[in-house]
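Noted in Swiss-Prot for the protein shown:
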type	residues	note
BINDING	D7, D139	Mg(2+) 1 binding site
ACT_SITE	D7	active site
BINDING	E67	Mg(2+) 2 binding site
ACT_SITE	E67	active site
ACT_SITE	D139	active site
Amino acid sequence: MRVLGIDPGLRRTGFGVIDAEGMRLRYVASGTIVVPPALALPERLKVILDNLRQVARDTRPDVAALEIVFLNTNPASTLLLGQARGAALCALADSQLAVHEYTALQIKKAVVGTGRAAKEQVQMMVQRLLSLDGTPAPDSADALACAICHAHVGPLQARLGGLSAATGLGGGTRVRGGRLVG
């Protein structure tokens, strides 16, 4: 399974692509889309949209994983981040990719083992898990971590989806805190 992970941002959007076969992970590509701050908001969103479309065309992922927007103390920042995330979602929908969303806590826990990991810890674990020669840039590392999170959690979710169909629990059933919730 090839996973495209995205760490959305209006100034810098990180992307990372990995191949996952069982617990084996292989690095494919990563980078950061740097959006010129002088552009008007619609043009900035278009830069994100166009670049992520190109990444999807070039790397041909099977699925995408996206970090869920956090609530910031500044509502305007949260809204702007949400718009960048919307541009990313449009690019993924245009590329006909299934999108799975994870919180920063879930991503850190899947990659480092604790949801309170520092950025440097995430970068170090991404480097180790993917056998990279150097430490990935922060935005790329976050996107790769999102992809790794899906590689670890996605197959379990798929199996639980089959379980929910067999047990009649419904499609909205998820795992939260080690328990099935509806």
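Cβ atoms are placed via backbone N, Cα and C, with glycine included.
Known features from Swiss-Prot, placed on the structure.
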{"residue": "D7", "record": "Mg(2+) 1 binding site", "DSSP class": "strand"}
{"residue": "E67", "record": "Mg(2+) 2 binding site", "DSSP class": "strand"}
{"residue": "D139", "record": "Mg(2+) 1 binding site", "DSSP class": "helix"}
Near D7 (Mg(2+) 1 binding site), how many other Cβ atoms are within 10 Å of its Cβ?
26
Rounded distance in angstrom between the Cα atoms of E67 (Mg(2+) 2 binding site) and D7 (Mg(2+) 1 binding site):
6
Neighbour tally for the residue listed as 'Mg(2+) 2 binding site', based on other Cβ positions within 10 Å of its Cβ:
25
